[in-house]
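Below: one structure, written as structure tokens.
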Ligand code: HEM
Ligand SMILES: [Cu+2]
């Protein structure tokens, strides 16, 4: 089928050869380890086939941490290459591949799954439900995301990485200028992962609308639930646009159509237009849940309910609405003319208003609160000033006329890292420290957590602050080197040093996970932070059915009031009833694998093989349609036993903070 | 939402029917009996068509009735918003200014 087998594996680069060997050894090690410990069955029944939202969430989070490592490595390589002028560490092609995979992986395979993982773990618990609306679909979402992520990640050892930027603009990304298969990986892998994300969006909309426990009206939902809800709506609104754009890209690259190919009468800017019609909402899809996490953390550790709840809800809705009508600010320089550029300048600047409202709400929540400085709270505190820098530079960029100066410089790169890192990475760290005890029944070490925090935040600022000035001085983005005469060298060096501190922070984070798994105290209360929402009213780690009896909600911060009034906390034997739960299924992971195989063939343009694998996809759909498994019932005895085990220790250890 | 009993007089259907006829004849009249330019005629009858389609959704398609009435309405508004943003927005952006050349 015209494949050049000698180009199948990437050869000739020592860095990549090293990774190939490392990947091979890791895989052998993992398989050998699991076999030796006889864990295959455990892995299969407890994790790979699970439909439990908490376990799916944890798998999302583990994948996201791994992807953070991969994307972070890419970032460090780039920083190393630009540390000195005219370095010869990476050549320009390699640099192109690395910033492309870095961008895609960080946004789609790190930020998204990290947040979706936390949503999975927390949302059903926060609304007092036993699972999401469609548990098996949820598992399918995860496996499709995972399949897409893996397909994208192997590109750098097999076949070659995409190299046209995370935006993959045409004409560069077309067959004419990128004849290799690298960009096929982009088109196909993102398509597979995108299907998973779209299904997550649908799942969470239905879950939040239909599965809230008794008494929880929309305006009594916790803020993280609200942001997840609105994010899910944005996913359903925006992802189909990307699906279509990627499909057209695939047709152009694989089957010779000319939707975006200028030489064939296509319209290259239509790609940019469709990409950002999805791409801008996408950045709010990752930012909004993060805002929700900060709202929970700030309220809990200020020991007050959230200030301005209603205005918070309306600003989320306002941000979501506006985020659909600002996409052109990414390509003002295309030259759509004054009317278009002015319109989009105004809508973009308008987003600052609801965002500002939220900022003040968080500040007023802290005002006169009895603030506890935990690791989670530290991330929230650092978020405020850092994100404001990102936001203010965003308003500078929003001005169409001024953007002609900033466009394509490192000023822009600094800006979006200043929104994405405080807005997403700080948030997932805050969320992880905060919900970790709920997930695993022990806490992350607070002292190591503070090292993690300070190294990471200082490193982040030292890395990206110089980039603003480099950009204003004219340093362009996506350039693999610069001359000594440009005078950029000192700031680039400073930035590179910052990235080492940043990486040290991440290393401490990994060490914290290791340390806490080994040594942390397992005998902790199920509510170690003295928190406010329902997820803390049940055991840690949460029993598989979540709640023995579904809680009843009378106000905002329901658990806080239950504790205050001492009602609804106990469980009488008479209240225990059998619980209906969904069964595990092998279909989702099968679909992930078969989608991955079909995708792989498609990337290599082996159409017949891809069609055969496509039959496997249909087989999976048919098998699922004839699946009459109704789930199972948890017997009263078992519930009794599980509930007694954790309720006895309740309240023993309460003071684990500071 | 009001529920229509099968017995009561279907007043909204009658109104809908009459208004539909009026809008259709208006469109035909403008197209056949006036000397307006082609472009203006297209704009007018196009707008009348949209008005009529919208009205029929309410009068005949029971958009707001039944237990899902509100949901239907929200979905329709959402769909219209998305179409305007994606289709009209893209056309506007890609056909004005330098992008047009
Ligand atoms: C962890 C530390 C990080 C470092 C050291 C880092 C560094 C960099 C560098 C050096 C570039 C390329 C600049 C150039 O154009 O030459 C870049 C681009 C980019 N980064 Fe990061 N970054 C980090 C984290 C993140 C995170 C967390 C995200 C998203 C959630 C992210 C998203 C992006 C995107 C979208 C691009 C643009 C890629 C492109 O040009 O196509 N980065 N980053
Ligand atoms: Cu944007």
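Backbone N, Cα and C atoms are what each Cβ position is placed from, and that goes for glycine too.
Caution: TrEMBL annotation is automatic and unverified by curators.
If you look up TrEMBL, you'll see A:15-37 (among others) marked as transmembrane segment. Tertiary proximity for the transmembrane segment (A:15-37) is limited to same-chain residues at least six positions away from its ends with a CB under 8 Å from its CB atoms, namely 9, 43, 94, 156-157.
Among the features that TrEMBL reports, domain 'Cytochrome oxidase subunit I profile' is placed at A:38-554.
The transmembrane segment annotation in TrEMBL covers A:58-78 (among others).
If you look up TrEMBL, you'll see A:98-125 (among others) marked as transmembrane segment. Outside the transmembrane segment (A:98-125) by six or more residues, the chain places 53-54, 56-61, 63-65, 67-68, 70-71, 74-75, 77-78, 90, 131-132, 138, 141, 145, 148-149, 152-153, 155-156, 161-168, 186, 190, 193, 197, 200, 204, 207-208, 211, 224-225, 228, 231, 282-283, 285-286, 289-290, 293, 420, 424-425, 427-428, 431-432, 435, 438-439, 478, 534-535, 538, 542, 546 with a CB less than 8 A from a CB of the stretch.
The annotation transmembrane segment is assigned in TrEMBL to A:137-158 (among others).
TrEMBL lists A:185-209 (among others) with the feature transmembrane segment. Tertiary proximity for the transmembrane segment (A:185-209) is limited to same-chain residues at least six positions away from its ends with a CB under 8 Å from its CB atoms, namely 100, 104, 108-109, 112, 116, 119, 123-124, 127, 129, 132-134, 137-138, 140-145, 147-149, 151-152, 155, 159, 161-162, 164, 168, 173, 221, 225, 228-229, 231-236, 239-240, 242-243, 246-247, 249-250, 253, 595-596, 599, 602-603.
Here TrEMBL flags A:283-301 (among others) as transmembrane segment.
Summarising the annotation, TrEMBL assigns transmembrane segment to A:344-364 (among others). Long-range Cβ contacts of the transmembrane segment (A:344-364) within its own chain (Cβ-Cβ under 8 Å, at least 6 residues beyond either end) map to 291, 294-295, 298, 306-308, 311-312, 314-316, 318-319, 322-323, 325-329, 332, 380, 384, 387-388, 391, 394-395, 398-400.
Here TrEMBL flags A:414-436 (among others) as transmembrane segment. Within the same chain, residues 61, 64, 106-107, 111, 114-115, 118, 121-122, 283, 286-287, 289-291, 293-294, 296-297, 300, 374-377, 379-380, 382-383, 386-387, 389-391, 393-394, 397, 442-444, 449, 452-453, 456-457, 460, 463-465, 467-468, 470-471, 509, 516, 529, 535 sit at least 6 positions outside the transmembrane segment (A:414-436) and bring their C-beta atoms closer than 8 Å to a C-beta of that stretch.
According to TrEMBL, the feature transmembrane segment maps to A:448-471 (among others).
Same-chain residues lying 6 or more positions outside the transmembrane segment (A:491-514) and placing a CB less than 8 Å from one of its CB atoms are 65, 68-69, 72, 75-76, 79-80, 82-85, 429, 444-445, 448-449, 451-467, 469-470, 475, 482. The annotation transmembrane segment is assigned in TrEMBL to A:491-514 (among others).
Marked as transmembrane segment by TrEMBL: A:585-602 (among others).
Positions annotated as transmembrane segment by TrEMBL: A:608-626 (among others).
In the predicted model, the domain 'Cytochrome oxidase subunit I profile' (A:38-554) shows an average pLDDT of 94. Across the candidate stretches A:137-158, A:283-301, A:608-626, the maximum count of CB pairs under 8 A to the transmembrane segment (A:585-602) is reached by A:137-158. If you look at the transmembrane segment (A:58-78), the same-chain residues 6 or more away from its ends with a CB under 8 A from one of its CBs are 47, 89-90, 95, 98-99, 101-102, 105-106, 109-111, 113-114, 116-118, 120-121, 142, 145-146, 149, 153, 428, 432, 439, 499-500, 503, 506, 510.
Here the transmembrane segment (A:608-626) has Cβ contacts under 8 Å with residues 1, 136, 587, 590-591, 594-595, 597-598, 601-602 of the same chain, all six or more residues outside its ends.
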